[in-house]
Amino acid sequence: MVLCFPLLLLLLVLWGPVCPLHAWPKRLTKAHWFEIQHIQPSPLQCNRAMSGINNYTQHCKHQNTFLHDSFQNVAAVCDLLSIVCKNRRHNCHQSSKPVNMTDCRLISGKYPQCRYSAAAQYKFFIVACDPPQKSDPRYKLVPVHLDSIL
């Protein structure tokens, strides 16, 4: 039993800093994390663009879509009619027009040497929106999750 406590303590220390793949960095609001992950008004090469995300999470994200639009324009989608999200919540909203976007997919590498392929697209998108937190931009609702691409 004496040996178990130090092993348990070591396990907790090693396990503590691990960030689940679906979580957002806690020092950011969900809206700010959405902006970092998905808003890119001017297209960047995927390897460069994804390094900004991967540096927060300390792993190679397998796939990510960048919307080539402003946060303001994407936040305006939150004012449109709400629809059901993939998770069955009713806080999703579909864009009224397609936008240019880039889909980045991991092809090789291990963090921090992640390598991505890029596919340019022109599609509609669906975002989940929530009320803003204190440090978020002042909108009635802000985008917090890219639910799907149509």
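Cβ coordinates come from backbone N, Cα and C, glycine included.
Among the features that Swiss-Prot reports, signal peptide is placed at 1-23, with the record citing similarity to another entry.
Per Swiss-Prot, active site, proton acceptor is recorded for His38, and the stated evidence type is similarity to another entry. Its Cβ placed at the centre, His38 (active site, proton acceptor) has 21 other Cβ atoms within 10 Å.
Taken from Swiss-Prot, the feature disulfide bond covers Cys46-Cys104 (among others), and the record attributes it to similarity to another entry. Sequence-distant contacts (6 or more apart, same chain, Cβ under 8 Å) of Cys46 (disulfide bond) comprise Thr102, Cys104, Tyr116, Ser117, Ala118.
Reduced to three states, the DSSP call for Asn55 (N-linked glycosylation site) is helix. Its Cβ placed at the centre, Asn55 (N-linked glycosylation site) has 10 other Cβ atoms within 10 Å. The N-linked glycosylation site feature in Swiss-Prot is assigned to Asn55 (among others).
The feature disulfide bond is assigned by Swiss-Prot to Cys60-Cys114 (among others). Cys114 (disulfide bond) has a Cβ environment of 21 other Cβ atoms inside 10 Å.
Marked as substrate binding site by Swiss-Prot: Lys61, His62, Gln63, Asn64, Thr65, Lys86, Arg105. The Cβ neighbour count for Gln63 (substrate binding site), using a 10 Å radius over every protein chain in view, is 10.
Taking a C-beta cut-off of under 8 Å and a sequence gap of six or more, Cys78 (disulfide bond) has these contacts in its own chain: His93, Val127, Cys129, Tyr139, Lys140, Leu141, Val142, Pro143. Cys78 (disulfide bond) falls outside any helix or strand according to DSSP and counts as coil. Among the features that Swiss-Prot reports, disulfide bond is placed at Cys78-Cys129 (among others), with the record citing similarity to another entry.
What Swiss-Prot records for Cys85-Cys92 (among others) is disulfide bond, and it gives similarity to another entry as the kind of evidence. According to DSSP, Cys85 (disulfide bond) sits in a coil region rather than a helix or strand.
As annotated by Swiss-Prot, N-linked glycosylation site applies to Asn100 (among others). Under DSSP, Asn100 (N-linked glycosylation site) is assigned to a strand (E or B) in the three-state scheme. Around the Cβ of Asn100 (N-linked glycosylation site), 15 further Cβ atoms fall within 10 Å across all displayed protein chains.
Marked as active site, proton donor by Swiss-Prot: His145. In sequence order, Lys30, Phe34, Cys85, Val127, Ala128 constitute the residues six or more apart from His145 (active site, proton donor) in its chain with CB-CB distances below 8 Å.
Of all the recorded positions listed here (His38, Lys86, Cys92, Asn100, Arg105), Arg105 has the Cα closest to the Cα of Cys60 (disulfide bond). Spanning the listed substrate site, residues Lys61, His62, Gln63, Asn64, Thr65, Lys86, Arg105 have a farthest Cα to Cα distance of 21 Å. Nearest to Asn55 (N-linked glycosylation site) in space, judged by Cα atoms and limited to the recorded positions His38, Lys86, Cys92, Asn100, Cys114, is Cys114. Less than 8 angstroms from the CB of Thr65 (substrate binding site) sit His38, Met101, Thr102, Asp103, Cys104, Gln121, Phe125, Leu146, Ile149, each of them six or more residues away in the same chain.
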